[in-house]
Amino acid sequence: MAAHLLPICALFLTLLDMAQGFRGPLLPNRPFTTVWNANTQWCLERHGVDVDVSVFDVVANPGQTFRGPDMTIFYSSQLGTYPYYTPTGEPVFGGLPQNASLIAHLARTFQDILAAIPAPDFSGLAVIDWEAWRPRWAFNWDTKDIYRQRSRALVQAQHPDWPAPQVEAVAQDQFQGAARAWMAGTLQLGRALRPRGLWGFYGFPDCYNYDFLSPNYTGQCPSGIRAQNDQLGWLWGQSRALYPSIYMPAVLEGTGKSQMYVQHRVAEAFRVAVAAGDPNLPVLPYVQIFYDTTNHFLPLDELEHSLGESAAQGAAGVVLWVSWENTRTKESCQAIKEYMDTTLGPFILNVTSGALLCSQALCSGHGRCVRRTSHPKALLLLNPASFSIQLTPGGGPLSLRGALSLEDQAQMAVEFKCRCYPGWQAPWCERKSMW
């Protein structure tokens, strides 16, 4: 093993050099990428506050917009004629997927995609954010139960003499069949129009591991969730990336349960990818810089539990999302800038560089380092005794300077193994595949 480890005795990295490798496809052969999905250009345009993420090796659209060449997100009102119910129970575009026109939806979606992504060779992230209903009947609880109620009512109106169990079974089949047609059809159209885009739905898969108050909380997906997710194989098969949410609920603050929560949510994404027959399907969890629905920034240990945990499991990257509400005032923009400059940015540089160095040292530069199950707490963070972050004279990207010691490399080999990129194989990804 020691013979394989690369003798990186004087490896110097600068973010400028790393960023130059981005042109072309966004993710291939890139161990870990942080994508900025925030409208922070408002901070500059409206408040004169420049939240500069480029110096920390973060990928952002020109002008830091929600939609651009590197990252485009479609909310429900921006793609086709998504059917849903308002909070007052009023149907929009038919309310139910089985009560709406898929043909009309795809026709409008065709135009919406061409307008939002004009470049035919678009190779960025293409995320669809539909949250009103879920494609599995069993997952539509609480406020989403209206979709089950209205589905039953639709069948009952057509067959008033049917018994309740028959109505339930047919309503479930109709809803799930229509939900599949809508979601799969939308992905298929996106892939046909922009075939290099990383198409996928935000929030899928979900682990539903929200039982934080349990005294024996482990973070594992509750019983039955994996079986339900396995029924969504058609969704994983049509997706070109998976975008699970690892937003930190506010109730987790100070509990010490965050790492378990994130660990199993990210692991479920990798599990469904393998189950769907595509172990190389990119996983890019969505992360907020705040605890969800608060203005409390994630402290450093929670960044380790979210970004760091994702990188350690071999995620292709993360998507950092910031609500427009967090950029409404000059004070909030200044707070984001300070957090980026002092806490978030240096951490991103640390974990991104750690993933790259591990890939080079352990995986011949042809794969990602993935944490071994025997070391569930290991992270791809640089040894502060070996590396330092330095300002570039006159501004510009920060420089990460240092060298991997033999001890650093040996520890990586103990704690991590390789997941090879497509086209490479062997324990250290040193051989090209024959297929």
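Note that Cβ sites are derived from N, Cα and C of the backbone, with glycine treated the same way.
Checking the candidates CYS43, CYS207 against Swiss-Prot, the cysteine paired with CYS333 through a disulfide bond is CYS43. Per Swiss-Prot, the cysteine from CYS358, CYS418 that shares a disulfide bond with CYS369 is CYS358.
Looking at GLU131 (active site, proton donor) and CYS420 (disulfide bond), their Cα atoms lie 34 Å from each other. Mean pLDDT, taken over the domain 'EGF-like' (354-430), works out to 91 on the 0 to 100 scale. Summary for the disulfide-bonded residues CYS207, CYS333, CYS369, CYS420, CYS429: the Cβ-based neighbour count within 10 Å is maximal at CYS369. Taking the disulfide-bonded residues CYS43, CYS358, CYS418 in turn and counting surrounding C-beta atoms within 10 angstroms, the largest count is reached at CYS358.
With the fewest other C-beta atoms within 10 Å around its C-beta, CYS221 stands out among the disulfide-bonded residues CYS221, CYS363.
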